[in-house]
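Remarks on the structure that follows.
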Amino acid sequence: MKAVVLTLAVLFLTGSQARHFWQQDEPQSPWDRVKDLATVYVDVVKDGGRDYVAQFESSALGKQLNLKLLDNWDSLSSTVAKLREQIGPVTQEFWDNLEKETEVLRQEMNKDLEEVKKKVQPYLDEFQSKWHEEVELYRQKVAPLGAELREGARQKLQELQEKLSPLGEELRDRARTHVDALRAQLAPYGEQLRERLAARLQALKEGGGAALTEYRAKASEHLSALREKAKPALEDLRQGLLPVLENFRVSLLAAVDEATKKLNSQ
């Protein structure tokens, strides 16, 4: 029940992006989520791709073509792993700098969210209490009908459904009334939170124009440094791919020639 109430509060205030604020555990930072998702994605693609290559090479067609795709795949995986190892520290430095530059703004927004949370908590408690009462009332009204279903014959099923239908409609209407009341109570706080965020961003833009310019300059500088530091690693990747692609091309041409000879000899 509490999960329903908390979800409604999130939707009324700031949308789905505020879901971590209402949780007790400290949420993972956006930078850590991006890095973890990227790592998991690359690992899944790499492992899954190798399985497909291995299955193809073990098939009759793969053995006949003898393209040595698995060896090429391992060489490519080694080259990509080397690239990730070289770029990793540079990428980490970029995320750390960006997180540091936005620390003040995030702290101010956390304070605003905490203040709004304290103000709306009584409304959430009241809504939870009313909803619990409505559900309990519905359960009490339905209980005799459930006993009637167990005791009655099959022909009474339609009659029972007709009796249940208005009760369900009544519960939905009551729930809708409570939800509308809660939305009306929380709307000023959601608007207040949005206004505070807009005001802080506007103040940062007007009174701290130099700070925004500095943020953009630093971000541009970090990206330029990332591109420069990544160039050697990307060049190593390109050089590592060339022999792999050439080996694949030669193997494929040889397989095609062999197949052509077999067809001509038949």
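Note: Cβ is positioned from N, Cα and C throughout, glycine not excepted.
The shown structure was predicted, so the numbers you read here are calculated from the model rather than taken from an experiment.
The feature methionine sulfoxide is assigned by Swiss-Prot to Met109, with similarity to another entry given as support. Look at Swiss-Prot and you will find 67-266 tagged as region '10 X approximate tandem repeats'. If you look up Swiss-Prot, you'll see 67-88 marked as repeat '1'. The repeat '2' annotation in Swiss-Prot covers 89-110. Swiss-Prot lists 111-121 with the feature repeat '3'. Here Swiss-Prot flags 122-143 as repeat '4'. For 144-165, the entry in Swiss-Prot reads repeat '5'. What Swiss-Prot records for 166-187 is repeat '6'. Marked as repeat '7' by Swiss-Prot: 188-209. Swiss-Prot lists 210-231 with the feature repeat '8'. The repeat '9' annotation in Swiss-Prot covers 232-242. Positions annotated as repeat '10' by Swiss-Prot: 243-266. Taken from Swiss-Prot, the feature signal peptide covers 1-18, and the record attributes it to sequence analysis.
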Self-check item: Local confidence of the prediction over the repeat '5' (144-165), expressed as mean pLDDT
Solution: 69
Quiz item: For the repeat '6' (166-187), DSSP counts of helix, strand and coil?
Solution: 22 helix, 0 strand, 0 coil
Quiz item: Is Met109 (methionine sulfoxide) helix, strand or coil when read with DSSP?
Solution: helix
Quiz item: Non-local Cβ contacts of the residue listed as 'methionine sulfoxide' (under 8 Å, 6 or more apart, same chain)?
Solution: Leu197, Arg200
